[in-house]
């Protein structure tokens, strides 16, 4: 029986007609294989119609995966108590036998496929399977990557309708030409709260060769929303093979003088200020998480892979996050997950207002002081609780930039690290290679706040991409360095660090100071201000920052603060070079240029140290 004949026999006539309209034998083969394997009771094919999207929304409520909240458009979804985050241990990249890739959890492909197919046999029995079509990047553009998602979770399908552009018509347009990504998900057997029961059989297997991701016995978005971090592994591999960049970066517009618009991307590890930077209220957001960057006629053009936000809700409060707060308290289409609900209203940790003493949360019925089976007190919401919302709900979204098929020109790229004592608040690279290597490839995040006499642990996280790499880091960096050669106009590269501390542990910067660094970077992209050359890159002049602090924040900025923040800390910089160099030497197969650029930086620092000492005032470089 041909795949088409099987589908005709297995699907309702109305659903079969939807598939027939696409005319793609590879798609038919894929659907036939996995509908037979998962063995659902019924199959629903989603087109781009509003009716089909509404059907998914309705099913999420009817199947008990979501419940309506008091405000129109708001729903709550709960994942299982032990299904609240990405499962790093059971997320594996399937590779040919004997292949190992540094930093990556790999598994023999044949063995992995055999295991996941056994786990998924009949896993959707008695359930409804949804087949959804989406695209990554703007439609009908150089960025477009079509993708098909099979899932028996209406919550997962609903999330994807909020986060991604619909792709059924794009599949029809491309027909047999479509080079598409594939995602197969089942939540598995559900308990009485409609959460995945067999967590011991939770698996997330990424088959690079087949460009397919399998996800079983889990509901948490990071493990199940195929087009997010699962697709990201596949697009990183594609980008490296095809010579473009698939990055873990926000994309935002910084508004310069006289209505000038300049677009920046930014890669920051978790807890380093990525979302708060992208959401500054007087600038404009294009995307908060994933960006494709391609060469178009010698320009680096960027596009948001997504059209929505799957954001961490903990700590979102009215004072620090006015825009997100407003969005979450308006009648938008929002899925809240793993927060506390009382009388139809959502509450979360550190929201800055009183939280009820009881209600329902990810642990079931909750009361203050409730403990789990290990004796840990359960907080009102999970620390990884989320909100899922479309970007068009945000008043400061640059909607034109979000959907333009040719993307936006990237003027600057920002790498945001976190340390108490090394990187100054903002600096600019000398050139592309210097930025890629000493800023992007050397990105670290201090995991604990440094206290007196005790240093935080610095997690190495180049380009904030380590968790998602699907190729050798050397290959990934080589592609980055090669990409520059295609460009006539090169984005400037910057590094930021919002977390410097004084010796007594006090922060050296206020939360909103970052908005000044952004304005300075925007001016530098256009050559509107000069900068001071130091051994580690260009830093701002005091006079320029003094003026910008007044203009942007209406704050006085003292010479003393400037000096404390922008002092070049030579011993700390040298120690960092040592750390980064060792990591890459141990890994092997790294472009030689990386070691050359690090050595040049070391040489400049030692020279400056001999002249000015260990801690060099920025005024010394004038």
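Including glycine, each Cβ sits where the backbone N, Cα and C put it.
As annotated by Swiss-Prot, active site applies to 272, with the evidence given as sequence analysis. Contacts of residue 272 (active site) defined by a Cβ separation under 8 A and a same-chain sequence distance of 6+ are given as 416, 417, 418, 445, 464, 498, 499, in order along the sequence. Residue 272 (active site) falls within neither a helix nor a strand when secondary structure is assigned with DSSP, and so counts as coil.
Residues or ranges marked as Mn(2+) binding site in Swiss-Prot (evidence: sequence analysis): 229, 248, 289. When Cβ atoms from all protein chains are considered, those within 10 Å of residue 229 (Mn(2+) binding site) total 22, not counting its own.
Look at Swiss-Prot and you will find 360-374 tagged as compositional bias 'Basic and acidic residues'. Shown for the compositional bias 'Basic and acidic residues' (360-374): DSSP residue counts in helix, strand and coil, namely 0 helix, 7 strand, 8 coil.
Among the features that Swiss-Prot reports, region 'Disordered' is placed at 360-381. Residues 78-81, 84, 193, 313-314, 338-342, 347-349 of the same chain, all 6+ positions outside the region 'Disordered' (360-381), place their C-beta atoms under 8 angstroms from a C-beta of that stretch.
Secondary structure at residue 229 (Mn(2+) binding site), as computed by DSSP, is helix. Reduced to three states, the DSSP call for residue 248 (Mn(2+) binding site) is coil. Those residues of the chain, other than 229, 248, 289, with a C-beta within 8 angstroms of the mean position of the Mn(2+) site C-beta atoms are 228, 232, 290, 468.
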